[in-house]
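Undergrad: The structure's right below; bear with me while I get my questions together.
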Amino acid sequence: MTVTSDFTQKLYENFAENTKLRAVENAVTKNGLLSSLEVRGSHAANLPEFSIDLTKDPVTNQKQSGRCWMFAALNTFRHKFINEFKTEDFEFSQAYTFFWDKYEKSNWFMEQIIGDIEMDDRRLKFLLQTPQQDGGQWDMMVAIFEKYGIVPKAVYPESQASSSSRELNQYLNKLLRQDAEILRYTIEQGGDVEAVKEELLQEVFNFLAVTLGLPPQNFEFAFRNKDNEYKKFVGSPKEFYNEYVGIDLNNYVSVINAPTADKPYNKSYTVEFLGNVVGGKEVKHLNVEMDRFKKLAIAQMQAGETVWFGCDVGQESNRSAGLLTMDSYDFKSSLDIEFTQSKAGRLDYGESLMTHAMVLAGVDLDADGNSTKWKVENSWGKDAGQKGYFVASDEWMDEYTYQIVVRKDLLTEEELAAYEEKPQVLLPWDPMGALA
């Protein structure tokens, strides 16, 4: 069909005759789309009270960076630390894990680049499009914790580049694309690619040390708790993790809900090229139905433990009110537009994927033990939402949540066996390879 002037004129006339749309036009052009379509009743239907409420700790702030997955993981440890050691507040250093993730991702990128990939291969174009970025997956975070440990924020504080990472990413990716050309040329010429790679990694390390600061290898840290008890630590970041967190991360698994035809339930999946630490923990997911997905999250919170989760946070999101609900905005009554795509359809057609990781810090259950709304701890600071916390309706969770991390002992024998199987490898651009 060609769009003719007669056809467009008809659209003009149809709009002009629609008094409702003309009224909506006046409201939206003055106040903005979402402000004009906001549903007031959605606030009253999603009050922040929950039958299971695990934390009221002050929230953290990732600022202008894509470190949500790190903040979410470290926040789960943080709550444990605050409760166990009776501190008023505490944060682990998100900048410390950021440094080592950037370093390891650079090495990971170089390893993929020196693989057997032709220049016209779409996979090479995919790698070069974004050699590294801030985002990541749970298993990638585990790989960093296991290799480098963690430190208190007071020991390795924020830098300009960790809080606002755009410049760092721009120039690190510029350097890595140049490194890719150098490495592939070295291979073509029969040179010592490993020796060249070591020199290039020194440049990367120097760049990160200058922009983020040199991370500590050993440190001293002391604090007093609410009972005025004095505690002191001297040692390495890995020793600090073992002493003050001590969680065996191999006891946790990533569970996803991806209802697309190419991903049968109760099977495990990984994604080509997705990772950070060469030789570290493999990114791996178990796909389950949504009802089971939610039951696993509930079971972990009933046991007193918060849940790392990944979602598409921009969908139906009211940031100022702290609401994630399917009825936040009324497009149907105002614009005669209805969004009817299924969760699978949105994944298949590029409308949705995981964009953000947060923490499930509570849930409201009805008399039958079914979830009605969820308490979400975000990492956008105290001015977003309700002192940094959000309320997600159960329907929103169904439609826009894709990943949780839960203890292995919550899985059935059949689920655990499915997880332990050799995973199906998904294409690099699969939506389940999206980085939070």
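Cβ coordinates come from backbone N, Cα and C, glycine included.
Swiss-Prot lists these features:
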type     : residues : note
ACT_SITE : C68      : active site
ACT_SITE : H356     : active site
ACT_SITE : N378     : active site
Undergrad: Same-chain residues six or more away whose CB lies under 8 A from the CB of H356 (active site)?
TA: C68, G310, C311, D312, V313, G314, A436
Undergrad: Based on DSSP, name the secondary structure state of N378 (active site): helix, strand or coil.
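TA: N378 (active site) sits in coil per DSSP, no helix or strand.
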Undergrad: What residues, ordered by sequence, lie under 8 A Cβ-to-Cβ from N378 (active site) and sit at least six positions away in the same chain?
TA: V59, M358, A384, G385, G388, Y389, F390
Undergrad: Ten-angstrom check, please: count other Cβ atoms within 10 Å of the Cβ of C68 (active site), all chains counted.
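TA: Result for C68 (active site): 24 neighbouring Cβ atoms inside 10 Å.
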